[in-house]
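Peer 1: Sharing a structure here in structure tokens format.
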Amino acid sequence: MYQDIEILWGEGRARILGNNYAQILTLSLDKSSGSGFRSRHQFLFGKIDIKLKLIPGNSAGTVTAYYLSSLGYAHDEIDFEFLGNLSGDPYTVHTNIFTQGKGNREEQFHLWFDPTRNFHTYSILWNPLSIIFLVDGVPIREFKNRESLGIPFPKNQAMRVYSSLWNADDWATRGGLVKTNWTQAPFTAIYRDFNAHQACVWTSSSFSCSSKYNPWLRYSLDAIGRARLRWVRRNYMIYSYCSDTHRFPQGLPPECSFPS
Ligand SMILES: *[C@@H]1O[C@H](CO)[C@@H](O)[C@H](O)[C@H]1NC(C)=O
């Protein structure tokens with residue numbers, strides 16, 4: 001963790017704990033503010049995993065975000081956001097993809113387990129063929145490269161990993177109806193096993209990455225992967241922009257003509 005990650009903001013609310021062999025990172029949120037970290041490196045393609053145990057109990061109003069972003073003008077971004085909920089009510093996993101500054105590609109899911117009881121692995125696989133979001137190795141969303149059909153795909157800007165925990169009780173839980181209960185603060189999410197060894201590190205002076213040595217760079221879902229993806233989407237998807245015809249009265253975005 002020390003080698004790969006730097007605390008970005010939040011004073012003492014973000015901490016890396018442990019020794020060289022076993023480390024965890026914690027982000028917390030209290031009434032004053034949240035906290036966040038980022039990866040030291042920038043990446044261009046690869047598979048990046050982290051294990052995360054979300055805020056237990058009443059986490060309503062909180063958002064734990066974990067994403068790749070190039071930041072800046074016309075940024076690319078691949079987002080996981082975990083929207084908290086009242087005790088016993090399910091977290092929502094919110095996902096989005098920005099290409100050249102344009103997002104509006106939200107999809108939301110519930111999970112098939114309680115993400116606050118144990119660590120689970122959340123992965124972003126990003127290669128020139130597609131972007132795949134995975135939870136414990138199960139694909140929940142795939143965004144294919146269809147540039148040949150004029151649909152933009154992020155592939156020219158390196159991205160860093162970011163994560164932050166903040167208060168978003170104006171919109172996060174049931175659309176903002178349920179507010180953060182500050183008597184439960186501080187709220188803490190715990191991370192471990194950040195793994196970017198299967199991603200290509202990009203620096204201004206060097207970039208070399210070969211699919212010969214990294215099979216994820218040419219990975220695409222096989223029949224089993226596609227069946228699992230369909231299982232998740234049939235049973236756990238609660239929102240897709242591609243079904244939101246009210247939002248796009250002029251017609252759905254072009255990638256929506258190719259259902260997963
Ligand atoms: C919270 O729980 C309610 C009730 O089960 C559910 O409809 C909602 O999707 C959950 N998530 C959020 C972020 O509101």
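We number each residue from 1, going along the chain as drawn.
Just so it is clear, glycine is given a Cβ too, placed from its N, Cα and C backbone atoms.
Source: prediction; values computed, not measured.
So TrEMBL says this about it:
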| type | residues | note |
| --- | --- | --- |
| DOMAIN | 1-191 | domain 'GH16' |
| ACT_SITE | E77 | active site, nucleophile |
| ACT_SITE | E81 | active site, proton donor |
| CARBOHYD | N85 | N-linked glycosylation site |
Peer 1: What is the separation, in Å, between the Cα atoms of the residue listed as 'N-linked glycosylation site' and E77 (active site, nucleophile)?
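Peer 2: Just about 25 Å between their Cα atoms.
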Peer 1: List the residues of the same chain that sit at least 6 positions away from the residue listed as 'active site, proton donor' in sequence and have their Cβ under 8 Å from its Cβ, in sequence order, or write 'none'.
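Peer 2: Long-range Cβ contacts: V63, T64, A65, Y66, Y67, V93, H94, T95, N96.
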Peer 1: Does any of E77, E81, N85 have a Cβ within less than 6 Å of an atom of ligand 1? These are the recorded positions; tell me which, or none.
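Peer 2: Cβ under 6 Å from ligand 1: N85.
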Peer 1: How many other Cβ atoms sit within 10 Å of the Cβ of N85 (N-linked glycosylation site)?
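Peer 2: Taking every protein chain into account, the count is 22.
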Peer 1: Which residues does E77 (active site, nucleophile) neighbour through Cβ under 8 Å, counting only same-chain ones at least six apart?
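Peer 2: Counting only residues 6 or more apart in sequence, the Cβ neighbours of E77 (active site, nucleophile) under 8 Å are Y67, L68, S69, S70, N96, I97, F98, G103, P154, M159.
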